[in-house]
Amino acid sequence: TEGFLQRNCTQEEYWSEPFPPYTIACGFDEGSSKGPEDQKSYYSAFWRVYTAGYAASVTSLITALIVFAAFRKFHCTRNYIHMHLFVSFILRAVAVFTKDAVLFADETMDHCLMSTVACKAAVAFFQFSILANFFWLLIEGIYLQTLLLLTFVSNKKFVWWFMFTGWGAPTAVMFAWVLTRIHQQNTGCWDDDENGVVLWIIKGPILLTVLINFIIFINVIRILVHKLKSQEGGGSHSSHFVRLAKSTLLLIPLFGVHYIVFAFFPESTGLEARLYIELGLGSFQGFVVALLYCFSNAEVQTELKKQLCKWQYQEYLTFTHKHGALSRETSPVNYVTQLSLLDRISPKRRTSVLQDGVTTV
């Protein structure tokens, strides 16, 4: 396997460390037991997994968006925030598909040597979608904790503040990142290893949102434990534990808590485990969020059942109306009536009636 490395001559007249790292330049992990061909098939299979995950997420999220938008009953602050979170997950999936299509469409081309406007734009869009997704996960966590503590937030003005933070902050960060990339590290497709300031412009806000969301997650669990203990009747400890465990498992994908596992480690640490958690599980996160916020919601299920019954009743009325009109047209009574009417107005009958009148006279 061949790759390209670079070194810079420092002011102290020493050579810098070679960059990019050998693992990136040569396309495989030198510490791995798999050979290049085995790693290629492994990553190809993994690509199929996360592609299927993102496709399932996009389908379910778009369906959930249509449900929330179609029914006026669901137009409230809580669901507006859910809808923006859905959009951020959709953008993340679309960005992954776009990045793969632009960078890896031609297998004969070494994408490490690419440096086109299209590939840079694809990577920038990918970074923006990641940032927006993490910020909207943070907003969901803040809003949930606010509901548990204050039980208000019905005013729509909070939605505008949330929208400004959820989309404005990632836009500002991306603007700073793109400018820094252009002036300090305008190499490749902007998907290589970043150094110093360039790295932390993106990684810093993401780590901050993950850390704050993890703290909120712990606090929400603490509030749930307190509420379960203060319930009347007490109940068994096992039932309380089961309910707490269910709530915890449901909150993990909603808060993105699984990202805390590798959040503060270097990118090269536990690469395969990182791929499983961040790409394998992360690709299905949008599907799980749509399932929990929309399809498993009792209020949504009730409204969908009402609408389904309404459609069935309308179809039944339409069918009975058409069937009734058709049966009246083809009934024997109606047929005899039509014959009698035709017989009355027929010319032959009029002639016979006139003849009978003359004979009588």
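Easy rule for this one: first residue shown is 1, then count along the chain.
From the backbone N, Cα and C atoms, a Cβ is placed for every residue, glycine too.
Per TrEMBL, the feature domain 'G-protein coupled receptors family 2 profile 2' maps to 46-297.
Summarising the annotation, TrEMBL assigns transmembrane segment to 52-71 (among others).
Long-range contacts of the transmembrane segment (83-105) within the same chain: residues 47, 50-51, 54-55, 57-58, 61-62, 64-65, 68-69, 111, 114, 118-119, 122-123, 125-126, 128-130, 132-133, 135-137, 139-140, 162-163, 166-167, 189, 191, 283, 285-286, 289-290, 293, each at least 6 residues beyond the stretch ends and with a Cβ under 8 Å from a Cβ of the stretch. Sequence annotations record features per position, and here TrEMBL assigns transmembrane segment to 83-105 (among others).
Among residues of the same chain six or more beyond the transmembrane segment (125-151), those with a C-beta under 8 A of the stretch's C-beta atoms are 78, 81-82, 84-85, 88-89, 91-92, 94-96, 98-99, 162, 165-167, 169-171, 173-174, 177, 202, 205-206, 209-210, 212-213, 216-217, 219-220, 223, 254-256, 259. Taken from TrEMBL, the feature transmembrane segment applies to 125-151 (among others).
Look at TrEMBL and you will find 158-180 (among others) tagged as transmembrane segment. The list of residues near the transmembrane segment (158-180) in space but at least 6 beyond its ends in sequence, with Cβ under 8 angstroms from a Cβ of it, reads 77, 80-81, 84, 88, 124, 127-128, 131-132, 135-136, 139, 143, 197-198, 201-202, 205.
Summarising the annotation, TrEMBL assigns transmembrane segment to 200-224 (among others). Residues 127, 130-131, 134-135, 137-138, 141-142, 144-145, 148-149, 169-170, 173, 176-177, 180, 194, 244, 247-248, 251-252, 255-257, 259-260, 263-264 of the same chain lie 6+ residues outside the transmembrane segment (200-224) yet bring a C-beta within less than 8 angstroms of a C-beta in it.
What TrEMBL lists as transmembrane segment is 244-265 (among others).
Residues or ranges marked as transmembrane segment in TrEMBL: 277-296 (among others).
Cβ atoms under 8 Å from those of the transmembrane segment (277-296) belong to residues 46, 49-54, 56-58, 60-61, 63-64, 67-68, 82, 85-86, 89-90, 92-93, 96, 250, 253-254, 256, 258-259, 261-262 of the same chain, restricted to positions at least 6 beyond its ends. The domain 'G-protein coupled receptors family 2 profile 2' (46-297) scores a mean pLDDT of 81 in the predicted structure.
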